[in-house]
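Pulled from TrEMBL, these are the features on record:
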BINDING   A:11, A:12, A:13, A:14, A:15, A:16, A:17, A:18, A:19, A:20, A:21  ATP binding site
BINDING   A:195, A:205, A:208, A:211  Zn(2+) binding site
């Protein structure tokens, strides 16, 4: 019997992070997932993350409170309107107002604290540098800089007993490729949610960046986004 | 009239961070201080930080909740015993159990989020690489790596509109030099507290690393630590 190595996986309950959790498991890691209650407008994300953790039978799942809404500055944590488009092709390259200041830096730092106490040397995050919203903290050079920092920041890194690695298995994949990989691993995408601005009944809006990228990704696999089942388009 | 530039200062209420706040003010910055309620055993630290913010008439002071005790692994956030010594010369170079996993990385990340929403390009932290407890996240190479990360992480950094700088005015000073600089700036050290393990009446224990380094620093300035006034040694 092999003993699994622990890994920390950032899990939002969306399509990307759910796929990453499945990939980490398929690579043989014992997955300790962390989700953040950070002041997002829609707490159903955290319910979906909890359901995902149960469905995948993860070793552990914690929901950590860190109130980034206190600092303001983003449509995802305030009353600013989320931008809407008619198609994914309209999504620009400028950093949009859904950007939450320093969000991934804060999340990765907390994942690092969690990893250090678990003696885990592996952290997985579902950032993606192709079909994404243009956030600076999703780029490969940003992730490389965080990995350098992590190895200077921690007891294990300094003592040379462990080399921390930030895994970004989605970083060079299109949304269509991410979906194809998740489907191979048996991920049930009908239970994941990606929308920045869902309707009152929590149905995806189908017009924010996250919805449009996701819908197009399924279309490119010849599929309809299963989270839209029963909804009119 | 000159308009002050905003800066974020990490303020624990201890000797080092109080000196840093005074230095940032003396350099002409409008100081926005941030303290952390992170699961430390002794909340009087936060009271001292609030008093310091009032005494120095800082522009703003926020106390941010981030429960690092949830991850465990440190004597500062758990029931593990804080090591005691007879003199500062006994303090070793190994990383001690008062180390809190990834603490400065988490604190700097949150300071970065705060700075970004304030449009501040300057963050001050009172790390010190000479008279310190041997924590990995106090070293110059760690701070340099965080500054690199910060400039890759943020909207302003990516757009090239602002270059974030992490100021560490104490990093190359001895405790005696830090105290001398603070006294020049009029800092009232009787109101700062550094002890890792104070007595029930909040008096410094005088035997933990932090107490011993501080007492020696005052002695090297020909002074008695003013926080000990009225206490028997």
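Including glycine, each Cβ sits where the backbone N, Cα and C put it.
Secondary structure from DSSP puts residue A:19 (ATP binding site) in a helix. The sparsest Cβ neighbourhood within 10 Å, among the listed binding-site residues (A:15, A:205, A:208, A:211), is found at A:205. Residue pair residue A:205 (Zn(2+) binding site) / residue A:17 (ATP binding site) shows a Cα separation of 20 Å. For residue A:19 (ATP binding site), the count of additional Cβ atoms within 10 Å of its Cβ stands at 25 [all protein chains shown].
Comparing C-alpha positions, residue A:208 (Zn(2+) binding site) sits nearest to A:15 among the binding-site residues A:11, A:13, A:15, A:19, A:21.
Comparing the binding-site residues A:11, A:21, A:195 on other C-beta atoms within 10 angstroms of each C-beta gives the minimum for A:195. The ATP site is set by A:11, A:12, A:13, A:14, A:15, A:16, A:17, A:18, A:19, A:20, A:21; from the centre of their CB atoms, other residues of the chain with a CB within 8 Å are A:49, A:52, A:126, A:192. Rounded to a whole value, the Cα-Cα separation of residue A:13 (ATP binding site) and residue A:195 (Zn(2+) binding site) is 11 Å.
Among the listed binding-site residues, namely A:13, A:17, the Cβ with the most fellow Cβ atoms inside 10 Å is that of A:17.
Residue A:21 (ATP binding site) sits 19 Å from residue A:195 (Zn(2+) binding site), taking the CA atoms of both as reference points. Under DSSP, residue A:211 (Zn(2+) binding site) is assigned to a helix (H, G or I) in the three-state scheme.
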